[in-house]
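This report concerns only the one structure given below.
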Amino acid sequence: MPRNPRHLRSFISPYKLTGFQLHRQYCTGRTAISQFLNSLTSLIRRPQHHHNLHRHGQRIKAFTTPQDLNQFIRSKMADAEYEPGTEEAAKAFLKLQEKLQTDLETQQRAQELVLNIQDIRASISAAKAGAGTHRRGGDEVVLIAVSKLKPASDIVALHATGGQTHFGENYVQELWKKHAILPSTISWHFIGSLQSSAVSKLAKIENLYAVHSIDSVKKVLALNRLRPDGFPILNVFVQVNTSGEKSKSGVDPDGDDLWDIVGVIRKECPKLRLMGLMTIGAIARSQAAKEGEENEDFARLVKVAEGLEQRIESEEGEKVELKLSMGMSDDFPGAITMGAGYVRVGSSIFGARPSKAEASI
Ligand SMILES: *Cc1c(COP(=O)(O)O)cnc(C)c1O
């Protein structure tokens, strides 16, 4: 929780309580937070008052009890720790580093993670070698360590001592918190399903390297519009639902959406770069493929990419090479054989994941 009124201001200032200015209360005095909360509580204890919180002139929340308001403010304060560039974020990172240097359990965990990732890298090399020199995508396979629901200390360990740069996350809020406290030398990948409401936050992550889950024109236009000027170009993959499962997001491989989205990225989005296509695929197919069969989802994605490359060349006269983001813990060697340029590996590096409710960064 921030102790410094200057830092409180940065997140409290967009909010205004009717009846009195929250902002002024926070910023003029050097009042300790608890004192401030107490005075706030006593101010609104009178039940005849309505306490509405406004943002940009719009009512966003009404509080009927002091406890409600307290809780809301405390949760906002907790989030402030995760604003990039603040003293709090820097402190949180120092704490992580200190833990890595002094805590035996954390050190053992770091060693285990480094060994795990070395194993995965060896499997990637073997799969590449087995596929030969004509593999789609050539010699390049980028390993994305999928750190969703795993603590930031795991990421620091792999980044600092395991030489790992690319990390993947599924939830925007979790990614936001992690990126704020972790080094900007990390390249983040967003691989989770993308809600329109979260696009704005995602676009503002400067060291976000790629978004793998593009599935609509609306979302690419929003990403392009909300990506701040001067930030690096954001790579995007269009997610294709190769298995046709209702539970999976992604565009229909046979529909018109794919071509529309690709066109908009290429022609209307100067802040985005079309990197390629992504699929998750059906679990059953990944298991079948383990017994020596070719994974149908990966084969499908290759076909869709080839069709798209040909169409871009014939209609627009441009030769492009699309990268494929496919392959997870259970099936990445097969994906590499079939031409994956990016593999997304989580549990075989980090172990089983906790539930979302139990996870803490
Ligand atoms: C979680 C996740 C992964 C990693 O899965 P593992 O089986 O743990 O390797 C890869 N891709 C996506 C889209 C994911 O959500």
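Including glycine, each Cβ sits where the backbone N, Cα and C put it.
Curation does not apply to TrEMBL; its annotations are automatic.
The annotation coiled coil is assigned in TrEMBL to 298-325. Annotation source TrEMBL lists domain 'Alanine racemase N-terminal' at 143-354. Annotation source TrEMBL lists N6-(pyridoxal phosphate)lysine at LYS148.
Confidence over the domain 'Alanine racemase N-terminal' (143-354), given as mean pLDDT on the 0 to 100 scale, stands at 95. The Cβ of LYS148 (N6-(pyridoxal phosphate)lysine) lies under 8 Å from the Cβ of GLY168, GLU169, ASN170, TYR171, GLU174, GLY192, GLY346, ARG353, each on the same chain and at least six residues away in sequence.
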